[in-house]
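The domain 'Sugar phosphate transporter' annotation in TrEMBL covers 23-311. The annotation transmembrane segment is assigned in TrEMBL to 42-60, 81-97, 103-122, 134-151, 163-185, 201-219, 239-261, 268-288, 294-312. For 354-377, the entry in TrEMBL reads region 'Disordered'. What TrEMBL lists as compositional bias 'Low complexity' is 354-365.
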Amino acid sequence: MTAPLPSSGSIANSAPMSILAYCASSILMTVTNKMVLSHFDFHMNFLLLSVQTTVAIVLLKVFKNAGLISFRRVDRTEAKKWFPISLTLVAMVYTGSKSLQYLSIPLYTIFKNLTIILIAYGEVLWFGSKVTPMMLLSFAFMVLSSVIAGWSDLKSFAPTDGILFNIGYFWMGLNCFSSAGYVLYMRKRIKHFNFKDFDTVYYNNILSLPVMLVLSLFLEGWTSGEFERTFSEDVRQALVVAMVLSGVSSFLISYGSAWCVRCTSSTTYSMVGALNKLPVAASGILFLGDPATAGNIFGILFGFIAGLLYSYSKTAQAQANLALANGSALSKPLLPETTASSNAGAEALELTTPASLPSKSSAPPLYIPNPDGKVAD
């Protein structure tokens with residue numbers, strides 16, 4: 001008897017394919033954004049983000065009409081409550097684009113790891129999370145990787161008569177704080193919404209687009225000739241193509257993120273994010289000519305180790321919490337049949353809830369790119 005042919009949904013439910021799609025889209029997004037911001041001497045960052053957002057909204061609509069995805073319509077009450085989250089997202093993606101504009105991709109990737117320390121510290125303050133020795137070791141590797149890469153960068157590019165401060169480090173610092181604030185704030189508020197993956201993507205894009213357009217019109221020199229200089233005739237066609245491609249890549253990474261989490265788990269997704277630091281950093285060296293200095297290489301290596309240690313520690317912590325919850329549920333004595341029905345219902349809920357905890361965390365994974373997949377990785 002012949003084996004049945006694979007179903008049409010086999011690829012859609014394939015964990016390896018989802019991981020590969022996430023990695024490829026992450027590299028594509030970083031390289032295209034770096035190319036637009038640096039190769040074309042592009043300074044209208046809010047305009048670039050507006051194009052990315054517009055492309056993402058158009059693709060969402062197209063795929064929804066084709067029956068491939070679904071998401072809810074914008075509700076005015078929900079939009080008002082979600083709008084502050086979208087504002088923190090705007091701050092995150094803008095500072096990420098500015099830092100990527102001035103820093104090489106390897107440096108950007110290395111310093112992005114510092115965001116994890118801020119998120120972990122915020123989780124301790126806001127959610128009572130515990131910091132394990134393995135986490136502390138991973139934090140040490142993150143700081144060490146940043147110090148090595150930053151010191152190598154200063155030695156390579158500083159003038160002989162003094163140190164030239166790279167404004168990219170300022171934007172990188174703001175990006176780390178805004179990224180941590182976005183993740184923590186969304187985690188704190190997400191329980192009030194019943195959003196699915198593409199609901200979040202759609203709301204983030206549709207609410208942030210007007211903000212980005214207004215900021216671009218008022219802050220990016222549309223009336224002072226900056227638009228004409230940026231889109232000069234000799235680069236106009238290539239620049240528009242690159243901007244649209246960056247918009248497509250931002251949508252692909254948002255779709256790849258949702259696909260990977262659905263087919264694997266938040267833990268696997270976090271591990272893939274840690275492993276993906278190497279190819280993302282290497283893409284800048286291979287495709288855009290970023291310097292392959294000893295500091296960059298060792299910084300990437302230590303950052304890679306830090307990501308693995310942190311992902312392992314979070315995995316072990318999640319498994320320990322689940323085992324503790326299940327153990328507490330099993331040790332709970334059952335109520336006798338004569339107990340009042342209301343108390344029995346409450347006790348039954350207490351008994352069954354830990355055992356039925358989902359395997360995927362409802363909190364946003366700490367290693368993922370932005371839920372909307374824009375500039376910042």
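Placement of Cβ uses the backbone N, Cα and C atoms for every residue, glycine included.
Automatic, uncurated: that is what TrEMBL annotation is.
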Determine whether the transmembrane segment (42-60) and the transmembrane segment (201-219) share at least three Cβ pairs under 8 Å, counting only pairs 6 or more apart in sequence. yes
Take a look at 81-97, 103-122, 239-261, 294-312 and tell me which one has the most Cβ pairs under 8 Å to the transmembrane segment (201-219). 81-97
The transmembrane segment (81-97) touching the transmembrane segment (103-122) per 3+ Cβ pairs under 8 Å rule: no
Given the transmembrane segment (163-185), which of the listed stretches 81-97, 239-261, 294-312 has the most Cβ pairs that are under 8 Å apart from it? 81-97
